[in-house]
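**Student:** Annotation source TrEMBL lists active site at Thr294. Residues annotated as Mn(2+) binding site in TrEMBL: Glu252, Thr294, Asp468, His469. According to TrEMBL, the feature substrate binding site maps to His409. Annotation source TrEMBL lists domain 'Sulfatase N-terminal' at 244-533. The annotation transmembrane segment is assigned in TrEMBL to 9-29, 41-61, 73-91, 111-133, 153-169.
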Amino acid sequence: MLNKKLQMPLYVIAALLFGLKTYIVYRFVFDISLENVMQELILLINPFITAFFIFVLSIFFNQRRQLKYIKYGILLGSVILYFNIVFYRNFSDFITIPLLFQGSNAADLGTSVLGLLKLWDVTLFLDVIIIWVLAKKYGSELTASFTKRYKKMAFALSILFIIGNYALAEAERPQLLQRTFDREYLVKNIGVFYYHVYDAVLHSKSKAQRVFADGNELTEISDYMKEETTTDGNEELHGIAEDKNVIFISLESLQSFVIDNTLHGEEVTPFLNSLIDESYYFENFYHQTEQGKTSDSEFIVENSLYPSPRGAVYFTHAQNDYHSLPEIMGENGYNSAVFHSNNKSFWNRDVMYDNIGYDHFYDENAYEVTDENSVGWGLKDKDFFKQSIKYMQQMEEPYYSKFITLTNHYPFELDEEDATIEKYDSNSNTLNSYFQTARYMDESVEEYFDYLKEAGIYEDSIIILMGDHYGISDFHKKAMMQYLDKEEYTDYLHVQLQRVPFFVHIPGQDGEVMSKIAGQIDVKPTILNLLGIDDSNDLSFGTDLFDEDRKDFIALRDGSFITDDYVYTKDQCYNRQSGELIDSTNQLSGEGEDSVCQPYEEQVNKELNYSDEIIFGDLFRFNDFENESNK
Ligand code: GP9
Ligand code: MN
């Protein structure tokens with residue numbers, strides 16, 4: 001007999017035991033990084049909240065079924081958790097549905113699975129054993145038929161807990177679910193079980209859209225693309241970089257407003273400024289990213305397609321068929337690699353890179369990261385470049401290598417000894433610090449150029465540098481107005497601040513400042529042109545930036561656009577040069593009063609929709625790019 005006073009319903013015991021185990025696993029088995037007390041708190045409460053929700057459902061059954069539900073519930077939960085542990089041991093990652101079905105990963109796991117099991121793993125099932133024993137011995141005493149009121153209260157409480165957990169997670173990481181960051185973030189904030197539910201929803205949603213596509217849509221879209229992107233061809237630079245290495249540097253959060261600009265009388269980015277004279281520098285180049293941030297910029301550059309309006313394509317459609325830059329270059333004798341010192345699963349990069357044909361990904365594990373050489377998000381850029389050179393020297397030429405910097409990332413932290421320019425003085429700590437990390441990145445790129453020269457790589461390469469997306473959001477309007485010396489922060493200014501630097505540096509060539517509007521969508525055709533790769537059947541929305549005769553608008557993902565003459569955003573049409581408002585759709589009424597921006601507006605929407613159709617419908621699977629190009 002159990003002492004009545006000490007007695008706790010079995011579902012509560014199960015919730016406590018299972019919650020505790022899950023917490024221990026999060027904390028000590030998964031290598032989850034915790035950056036502040038809030039994250040620690042979320043990680044602590046989430047397992048108990050989840051477990052409480054799972055087991056509280058048992059009270060709606062009769063006593064016999066209650067026992068069954070709790071016994072098998074804890075067993076199933078433990079098995080799911082255990083699968084994740086085994087998977088994590090091999091891949092330092094959490095299971096995703098597409099990953100489960102991805103042949104290579106499953107095969108990898110299959111051969112090594114025995115080596116991943118450990119004797120002490122039995123202890124991971126202690127809670128299951130305890131519950132099963134208790135159920136057998138004291139089952140009838142530890143279960144009851146609960147009153148209606150009790151059931152309602154207990155259930156309501158569990159829902160309240162979940163909402164509370166989610167609210168904390170949302171405060172810690174705004175738009176956590178919409179933006180689908182890293183899987184580790186999701187597990188950290190909502191727990192591994194809700195993460196699986198979330199993953200399943202994402203998966204079925206994109207599967208459904210795919211099912212309804214049949215490939216006929218592609219004819220109209222490819223006709224449009226060919227019509228809009230076929231140009232006369234610029235013979236001058238065509239093939240200028242043939243068989244050279246291509247080094248692409250993604251400049252984290254770097255916006256054009258710091259280029260050739262000063263702070264306290266000093267240049268913010270002296271090296272990049274000096275590089276303008278020796279490069280093709282595009283001063284009106286726009287980022288076109290959305291919620292996927294860096295990964296969106298990568299996606300646009302690799303595919304010349306637009307990113308998704310919600311979430312990151314790198315997450316939602318990483319399994320699609322693409323005809324990406326690394327793949328095309330691979331077909332033309334290039335090796336490819338990405339260098340980025342972060343968790344490989346961040347932005348689902350490991351999966352996407354594999355799919356689009358990168359030969360190698362030097363992720364965080366390729367680098368020696370210590371407390372001394374890291375700040376903010378991880379390895380400092382200077383150490384990142386320094387440590388990368390040895391890998392470059394091993395690569396077979398010609399190669400395409402992409403370097404993703406990290407230090408100039410929000411919240412723009414920097415160790416004092418690394419700061420070589422004074423902070424700005426405004427009401428925004430973010431902007432104040434931004435100049436320091438931007439300067440640090442500038443210095444790191446300068447050092448990298450020196451390493452390339454010392455290693456004899458420089459002469460045989462072309463170097464492309466691009467800002468990935470904005471770093472300073474609209475949240476810092478006041479400080480930005482102060483720095484830019486503007487009276488007003490208009491929507492026009494907001495669009496103009498979406499310009500990011502873009503350099504094409506060809507050693508031995510002078511280059512030129514290019515003023516025509518340009519965007520990330522144009523990078524892929526530009527690189528292919530420089531390399532002299534004629535892929536006339538490639539399907540892209542962008543055009544070669546060295547061709548004067550090219551599409552005359554740049555579309556941002558929210559439907560805003562820039563043309564030679566206009567800037568359009570939020571139903572307003574501005575003069576691009578003066579920033580004056582020409583007309584606003586709200587004011588126009590009646591026939592014959594169309595905005596000068598309207599024809600563009602229609603085309604921009606059409607183009608963005610076409611891009612979504614390609615991605616959501618996975619339409620490229622219907623196109624045989626290889627055969628086409630033999631024609
Ligand atoms: C993370 C880095 C930064 O790996 O690329 O990502 P962001 O937050 O800028 O998208
Ligand atoms: Mn970024």
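Glycine is no exception: its Cβ is also placed from the backbone N, Cα and C atoms.
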**Student:** In the same chain, who gets a Cβ under 8 Å from the transmembrane segment (9-29) while lying at least 6 residues past its ends?
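**Tutor:** That would be 43-44, 47-52, 54-56, 58-59, 66-67, 70, 73-74, 77-78, 81, 85, 88, 124, 126-127, 130-131, 134-135, 139, 142-144, 187-188, 191-192.
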**Student:** For the Mn(2+) site (Glu252, Thr294, Asp468, His469), what does the 8 A shell look like? I mean other same-chain residues with CB within 8 A of the CB centroid.
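**Tutor:** After dropping the recorded site residues, what remains is Ser250, Leu251, Ser253, His287, Thr289, Lys293, Ser297, Ile404, His409, Gly467.
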**Student:** Which residues of the same chain, at least 6 past either end of the transmembrane segment (73-91), have a Cβ under 8 Å from a Cβ in it?
**Tutor:** 14, 17-18, 21-22, 25, 29-30, 51, 54-55, 58, 105, 108-109, 112-113, 116-117, 121, 124-125, 127-128, 131, 192-193, 196
**Student:** Give me the CA-CA distance between His469 (Mn(2+) binding site) and Thr294 (active site), in Å, as a whole number.
**Tutor:** 7
**Student:** Are there residues of the same chain, six or more positions away from the residue listed as 'active site', whose CB falls under 8 angstroms from its CB, and which are they?
**Tutor:** Ser250, Glu252, Trp347, Ile404, Asp468, His469
**Student:** Is it possible to get the count of other C-beta atoms within 10 angstroms of the C-beta of His469 (Mn(2+) binding site)?
**Tutor:** 21
**Student:** Quick one: what's DSSP say for Glu252 (Mn(2+) binding site), helix, strand or coil?
**Tutor:** coil
**Student:** How does the model score the domain 'Sulfatase N-terminal' (244-533) in terms of mean pLDDT?
**Tutor:** 96
**Student:** Within its own chain, what residues at least 6 apart in sequence put their Cβ under 8 Å from the Cβ of His409 (substrate binding site), listed in sequence order?
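**Tutor:** Long-range Cβ contacts: Glu252, Ser253, Gly376, Trp377, Thr437, Gly471.
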**Student:** Starting from the Cβ of Asp468 (Mn(2+) binding site), draw a 10 Å sphere and report how many other Cβ atoms land inside it.
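**Tutor:** Taking every protein chain into account, the count is 26.
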**Student:** Would you count the other C-beta atoms found within 10 angstroms of the C-beta of Glu252 (Mn(2+) binding site) for me?
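**Tutor:** So the number of other Cβ atoms within 10 Å of Glu252 (Mn(2+) binding site) is 25.
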